[in-house]
Amino acid sequence: MSRRDMAKPLLGHRSTEGDPGITPAAGRTIGVLGSGDFARSLAIRLVCSGFKVVVGSRNPKRKANLFPSAAEVTFQAEAVKKTDVIFVAVFREHYSTLCDLADVLVGKILVDVSNNTEINHHKESNAEYLASLFPACTVVKGFNVVSAWTLQSGARDGNKQVLICSNNQEAKRTVAEIAQVMGFTPVDMGCMSSACEIENIPLRLLPAWKIPIFLALGLFLCFFTYNLIRQVIHPYIRENKNKLYKIPIEVVNTTLPCVSYVMLSLVYLPGVLAACSQLYYGTKYRRFPDWLDQWLLHRKQIGLLSFFCAALHAVYSLCLPMRRSHRYLLIETAVKQAVEKKMNIWVEEEVWRMEIYISVGIIALGLLSLLAITSLPSIANSLNWREFSFVQSTLGFIALVISTLHTLTYGWSRAFDENQYKFYLPPTYTLTLLVPCTVIIAKVIFSLPCIQHRLMRIRRGWEKGRYVKFVLPSATGEYSSGETSSNV
Ligand code: NAP
């Protein structure tokens with residue numbers, strides 16, 4: 001690089017001087033039709049970003065004092081004449097009332113910011129409808145995914161992405177530049193046919209969370225019923241004891257760790273199944289079945305729900321000694337022991353079991369918190385791929401192993417005590433161990449050098465039955481190349 005090149009800043013504003021075709025985004029006049037909440041917030045943000053703003057209202061005199069003094073509030077037709085880019089901050093139902101402006105709108109860019117009240121409410125999207133009413137204008141869909149509140153509070157305090165689509169590339173670029181100057185991140189969603197999808201986005205309720213939430217609720221219901229039978233129904237039927245008081249805290253608190261533990265193992269199970277499939281077919285290019293694809297895509301949400309249940313379990317457990325029932329039972333035991341003149345109630349094995357059980361539980365919760373924090377986009381974006389994979393994959397697996405130790409120390413020798421089999425039902429913790437132990441065993445098998453090596457080759461493009469040149473890192477981290485034929 002020459003000295004002259006090095007003197008130039010790497011990043012800087014693109015100069016538009018001397019280029020008559022390009023108007024600098026900031027500084028240009030932007031029109032806003034409508035004077036409602038969205039129009040007001042938009043005008044404030046545009047003014048703060050250095051644009052001249054002209055607002056078109058049906059009643060400018062009454063609305064002028066609602067806008068910053070730097071914005072001009074005038075009649076709709078007047079506003080439209082003064083600018084080439086106009087944000088239509090009016091509900092779809094009122095688009096037809098703007099038809100009187102058709103002549104002055106010819107050749108202008110209209111930004112459709114509208115949303116609907118229901119998913120796929122109309123046959124055609126609002127933006128397409130607006131384009132059909134004003135065929136002499138260029139319509140761009142955008143800004144509908146940001147709320148009036150986000151616009152006012154600034155892009156730093158809300159969703160930064162602005163999804164944009166249009167059939168006209170130039171108009172789309174102009175609106176994207178405006179969004180960028182306002183501090184947003186424009187995302188090109190392609191042509192106008194994407195408008196419907198963009199309009200549906202603000203109406204979707206946690207789309208990525210539906211399956212994980214139903215999974216968590218399903219597991220909770222199953223384990224809750226199982227625990228209810230063991231802890232409440234069994235003593236009632238067999239000993240005629242009323243243990244209903246256990247439902248709000250004890251039964252819930254024995255259910256939550258089961259859900260959390262199984263959910264954590266379900267984060268790693270699809271990876272194991274994917275590896276099995278790759279090993280079996282000897283290729284990474286074969287598509288996984290849809291259900292496995294979906295499962296792999298939802299691992300983050302499943303992991304976060306596992307953390308949520310674990311956190312609730314920790315809070316519930318801390319609250320256990322606060323309960324009246326606990327105090328009564330404690331006093332009852334103390335009185336019994338006094339009556340029996342038992343002085344030494346210290347059971348060394350029980351003491352150790354409890355110490356280890358709580359300690360590993362705290363470590364597991366700590367690791368789960370770390371996994372949850374690093375899955376937040378702002379944190380995940382600051383990690384490189386190796387760091388992210390180390391936390392999510394290695395530390396996540398360690399969390400699963402430690403959670404298994406937590407479960408085993410909880411159970412201790414109870415699995416071998418026949419009194420624990422209520423209605424012949426084994427203790428709940430023995431059931432929860434099934435999936436996690438399968439995952440742990442599979443992971444251990446996959447880490448055996450012969451299998452790990454084969455899996456690594458497959459993941460680098462090697463295929464069974466094909467003669468390919470491959471390059472693999474050696475144990476020392478150096479790359480060695482070689483040629484291999486099919487079934488090596
Ligand atoms: P709003 O407060 O009800 O304002 C709508 C404005 O439309 C009115 O102030 C009115 O201004 C104007 N308008 C023009 N012709 C009209 C007519 N015939 N009848 C009634 N009003 C007419 O609604 P808003 O919350 O600002 O929403 C405006 C648009 O932005 C909607 O399409 C909405 O989906 C979209 N949006 C809003 C938000 C948000 O957070 N609010 C977020 C994303 C998208 P004049 O009386 O001055 O003409």
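Note that Cβ sites are derived from N, Cα and C of the backbone, with glycine treated the same way.
Features reported for this protein in TrEMBL:
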- 29-116: domain 'Pyrroline-5-carboxylate reductase catalytic N-terminal' (DOMAIN)
- 259-400: domain 'Ferric oxidoreductase' (DOMAIN)
- 211-229: transmembrane segment (TRANSMEM)
- 261-281: transmembrane segment (TRANSMEM)
- 302-323: transmembrane segment (TRANSMEM)
- 356-376: transmembrane segment (TRANSMEM)
- 388-409: transmembrane segment (TRANSMEM)
- 429-451: transmembrane segment (TRANSMEM)
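Beyond its flanks by at least six residues, the transmembrane segment (429-451) meets 223, 226, 257-258, 261-262, 264-266, 268-269, 272, 275-276, 279, 397, 400-401, 403-404, 407-408, 410-411, 414-415 of its own chain at Cβ-Cβ distances under 8 Å. Outside the transmembrane segment (211-229), and at least 6 residues removed from its termini, the chain residues within Cβ reach (under 8 Å) are 247, 251-252, 254-256, 258-259, 262-263, 266, 294, 298, 301-302, 304-305, 309, 422-423, 425, 428, 431-432. Using a Cβ-Cβ cut-off under 8 Å and counting only residues 6 or more beyond its ends in the same chain, the transmembrane segment (302-323) has close neighbours at 212-213, 215-216, 249-250, 252-253, 256-257, 259-261, 263-264, 266-267, 361, 364-365, 368-369, 371-372, 375, 396. For the transmembrane segment (388-409), the residues of the chain that approach it from at least six positions outside its boundaries are 257, 260-261, 264-265, 267-268, 303, 353, 356-357, 360-361, 363-364, 367-368, 370-371, 374-375, 380, 429, 432-433, 436-437, 439-440, 443, judged by C-beta separation under 8 angstroms.
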